[in-house]
Amino acid sequence: MTVLIAKDLTFEPVVHRYDWTVDEVRELLERPLMDLLWQAQLVHRTANPGYRVQLASLLSVKTGGCQEDCAYCPQSMHNSSDVEGQPDLVVQIQTVLERARAAKDAGADRFCMGWAWREIRDGAQFEAMLAMVSGVRELGLEACVTAGMLTEKQASRLADAGLTAYNHNLDTSPEYYDQIITTRTYQERIETLQKVRSAGITLCCGGIIGMGESTVDRASLLCVLANINPHPESVPINGLVAVEGTPLQDLPAVDPLEMVRMVATARILMPRSRVRLSAGREQLGREAQILCLQAGADSIFYGDSLLTTSNPDVKTDRELLSQAGVHANWEESDE
């Protein structure tokens, strides 16, 4: 299928590109909003007909006590937030699977599980993770894990367990990265993505805006993502949730239209990736969320919490999707 790109009110058939420059991406980000939305709509309707939104539920399996110093994260042991550290606690397998079953009953398509780790370590906790992945897949759900860095062997074992996707965000641009985290390099993140891909697991990889970065930084982040070949299958776009006790606690909320611009540009750059409207959605309001759906977001996190931050409840999201006129799995599950 050919994707249509609008330029100067004309249509040009294009293929997926993996050679974007930062200047090109910045030009997209800074276009007049109506032009940007129009172009994103053309790409989205052509590449992803039907306007169907994937619902992903997210559970924090192991919360707090992380060795990383991510400036935005209340789970870091370096930050003085009120998230209780649980460095040795793993939620029991049966409890996780009960939550997954409840998410499916509510209409979720994907169940995501998070561990606040710098890296996966072999042992009982990893074996429990594998069992959880297998159990989630047996329920008929896609399974996604986020747990930091991993080895090639661990990636292979996760693939054998049936893991659908592994989440490992880039967070921000290579240029701004050391302002946000110093305990892991950008290259280590890229290498983790390569190991995931080599194991045959799909990539879930995106970033966060609102951390003090510039428009050029946002363009650079999107450029790195769009030049991954093939594109990440899922691209979460997060707005900073400034949590008390973290170094970024005093930053203002993200301008909702900046989230709309990020979603629209991601859609144009990565036509068939699932662009997931992720953290910070509660701060956007109904109208901005609908604009994000119009701009090409075709996945949301579904449920009342995202790891350690709040999220709209199921009833609110069902009303939102109905008002926007988009389709999701919960409609069929209620029939």
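Glycine is no exception: its Cβ is also placed from the backbone N, Cα and C atoms.
Positions annotated as [4Fe-4S] cluster binding site by Swiss-Prot: C66, C70, C73. Positions annotated as [2Fe-2S] cluster binding site by Swiss-Prot: C112, C144, C204, R276. According to Swiss-Prot, the feature domain 'Radical SAM core' maps to 51-281.
Sequence-distant neighbours of C144 ([2Fe-2S] cluster binding site) (same chain, six or more apart, CB under 8 Å from its CB) are A56, R110, F111, C112, M113, L163, T164, A165, Y166, N167, C204, S234, listed in sequence order. Neighbours of C66 ([4Fe-4S] cluster binding site), defined as other CB atoms within 10 A of its CB across all chains, total 24.
Under the DSSP three-state reduction, C204 ([2Fe-2S] cluster binding site) is assigned to strand.
Cβ-based crowding with a 10 Å cutoff singles out C204 as the top-ranked of the binding-site residues C70, C204.
Straight-line distance linking the Cα atoms of C70 ([4Fe-4S] cluster binding site) and R276 ([2Fe-2S] cluster binding site), rounded to a whole number, equals 21 Å. In this structure, the binding-site residues C73, C112 were compared by how many other Cβ atoms lie within 10 Å of their Cβ, and the smallest count belongs to C73.
Rounded to a whole number, the distance between the Cα atoms of R276 ([2Fe-2S] cluster binding site) and C73 ([4Fe-4S] cluster binding site) is 19 Å. A simple way to gauge crowding: the CB of R276 ([2Fe-2S] cluster binding site) has 26 other CB atoms within 10 angstroms, across all the protein chains here.
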